[in-house]
Amino acid sequence: MTILNHTLGFPRVGLRRELKKAQESYWAGNSTREELLAVGRELRARHWDQQKQAGIDLLPVGDFAWYDHVLTTSLLLGNVPARHQNKDGSVDIDTLFRIGRGRAPTGEPAAAAEMTKWFNTNYHYMVPEFVKGQQFKLTWTQLLEEVDEALALGHKVKPVLLGPVTYLWLGKVKGEQFDRLSLLNDILPVYQQVLAELAKRGIEWVQIDEPALVLELPQAWLDAYKPAYDALQGQVKLLLTTYFEGVTPNLDTITALPVQGLHVDLVHGKDDVAELHKRLPSDWLLSAGLINGRNVWRADLTEKYAQIKDIVGKRDLWVASSCSLLHSPIDLSVETRLDAEVKSWFAFALQKCHELALLRDALNSGDTAALAEWSAPIQARRHSTRVHNPAVEKRLAAITAQDSQRANVYEVRAEAQRARFKLPAWPTTTIGSFPQTTEIRTLRLDFKKGNLDANNYRTGIAEHIKQAIVEQERLGLDVLVHGEAERNDMVEYFGEHLDGFVFTQNGWVQSYGSRCVKPPIVIGDVSRPAPITVEWAKYAQSLTDKPVKGMLTGPVTILCWSFPREDVSRETIAKQIALALRDEVADLEAAGIGIIQIDEPALREGLPLRRSDWDAYLQWGVEAFRINAAVAKDDTQIHTHMCYCEFNDIMDSIAALDADVITIETSRSDMELLESFEEFDYPNEIGPGVYDIHSPNVPSVEWIEALLKKAAKRIPAERLWVNPDCGLKTRGWPETRAALANMVQAAQNLRRG
């Protein structure tokens, strides 16, 4: 029983973000479709080779995507919304981009599909749309073409396919309502056809991803698995693959399925290996997800070995990453600026492949010397002075309930704020960032590289802030922002100014489409050595008589969008960040900033996957926000912003944040999200996003007015704000000016009645 290793997927974007650059060049009309496709082929070949060289036995194929893998699955199944279809019914890469972005180099622009978070990660997928009576057929053969590519290169491959039940679970019904699970029998023939094609190619194992099996699914959905997999059995061996949580609660459903193996996430789940071994059919293969695919820490391989060694030789066993390595940066070896001690604590995707090779070899041979050597730095870290700050730990221990309470209730605060700001009805604002032009990015890059001194850098940033204020005044916005020209990323910027974080040069991970983020890494206790945002906020406010918002990223979002420590709880990290940012709120207020926005777009994304675990998380998540905000005086207006959210199931917690104003992303869901606020009778002010900033399309005045009127049927007009869905960082100035001008005009029309 030789033990093999495999990964569930590999980062797609390339070490230098080659995919991002190729996509954006193609979208801008600067390169051809053939050139784009060639970059994809080159990246896939390189990534398969890198994994193979690092010691991976079975290479994933089908993990590559031009936008996201759920959208790839939609095209595979022929699920293309009518508004995105080609006139001749064909499907091509531009069809895919129209669904994701709303437009492509060919075809007519149309509203992009809704985008939401992939389980509890910071990766996004395009939500499949289902309509009654829908037909499915094998349409987009990318998976088969990539399998042919890999086989031609001589690789031993394991195709990756998103499973049918999870695919339906992730989608939404459009138009006339019906049970989307009823489409299962319609999509299964396409899956059968794909598996038959893979069998023809001599494929032995297919990784079929069913991460929905870690959720607390309704019984009807659990019951759907058996007939679904009865229909799919027999053509190839199926490795039923789960991740992000354990499977024990749904193990009875799983063990009844006609599959040949099961992958479990032994990092994020609480499954007991001995229990799994006992309950799984004896002829099943167990794929043990022992190496964390979602973090950057070097594994203690001696611990991983101990976790699995008792079942070695007792059943077929593979060792694997816990989930796809998509969520990890590619290669630690190119990081030249990290301190040597700190660098020795990390492992990126390629190093994780090496860890899997070390683990496989030790399990096959029984020789653990290499594991002990590899694990030494991470064991030494536990005693490092870089990790522990007694002053932070003492302050955290001293927190009382009073520290998370504003002085007065919303009604009292709202009166003080109305008297201070005297805003019109339907007040207009933006979410914070303005277009990050080439000039802004070049300015920051030159400063970072040492090609520009601090004085010239500050002069340049000040000029961009001034331009942003002038633009907003010209447009007639009521509450302004400074535009965030000095910020590379809403989390990275704060991490750079807080102790306890480190940064990489090339630690990029994909967020969606061509968007990549470079998450900070929390390595120790968090504190704020000096004010972070005060100087630029104060400067922006000096340029205008209108209020300028101070802009902070909230503690839960900084936590969720960073790679966290693994030696303390997430709650501890969030509250340490909250205390650091509490001091920032006090300093902004002292500098005359009267409106302070604390963005928490990730609050819902941080939810545990099982609802039974939600309360504990929401309790400390809300408390962290309140610790951050509660230092503000009554006439200081606290805003928060959230995006890509389903709110109805956490409305109590959103109300408990006690923000004076919440801005939310609603345009893609056609104001659907406001239902939750209406039903809950949300007491504070709301800015429902009136246009989708992820698409370059400019909304008309009439469109925005119609959305606002729809919103006013649910929320009293005197409590409504007018704003875009999200920050405008990724847009160009021409469409930004046009969209905001229409937004301001719509608000003015409504004021006139």
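Yeah, the Cβs are placed from backbone N, Cα and C, and that goes for glycine too.
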Given Swiss-Prot annotates Ile431, Gly432, Ser433, Glu484 as L-homocysteine-binding, which of Asp310, Asp316, Asp599 belongs to that site as well?
Asp599
Swiss-Prot 5-methyltetrahydropteroyltri-L-glutamate site partner of Arg17, Glu18, Leu19, Lys20, Arg515, Cys516, Trp561, Glu605, selected from Lys87, Lys117, Lys422, Lys448:
Lys117
Given Glu484 (L-methionine binding site) and Cys726 (Zn(2+) binding site), what distance in Å do their CA atoms have, once rounded to a whole number?
14
Taking the centroid of the Cβ atoms of Ile431, Gly432, Ser433, Glu484, Asp599 (L-methionine site), which other same-chain residues have Cβ within 8 Å of it?
Thr430, Val481, Met490, Met551, Gln597, His641, Gly727, Lys729
If you draw a 10 Å sphere on the Cβ of Glu665 (Zn(2+) binding site), how many other Cβ atoms land inside?
25
Can you tell me which of the binding-site residues Lys117, Cys516, Glu665 is spatially closest to Asp599 (L-methionine binding site)? Compare CA atoms only.
Glu665
Secondary structure at Lys117 (5-methyltetrahydropteroyltri-L-glutamate binding site) (DSSP, helix/strand/coil)?
strand
Going by a 10 angstroms cut-off between Cβ atoms, which of the binding-site residues Leu19, Cys516, Cys643, Cys726 has the sparsest surroundings?
Cys516
Residue pair His694 (active site, proton donor), Cys726 (Zn(2+) binding site) - Cα distance, angstrom, rounded:
8
What's the CA-CA gap between Ser433 (L-methionine binding site) and His641 (Zn(2+) binding site) in angstrom, rounded?
12
Whole-number answer please: how many Å between the C-alpha atoms of Cys726 (Zn(2+) binding site) and Ile431 (L-methionine binding site)?
6
Cβ atoms near Glu484 (L-methionine binding site) (within 10 Å, other residues, all chains):
24
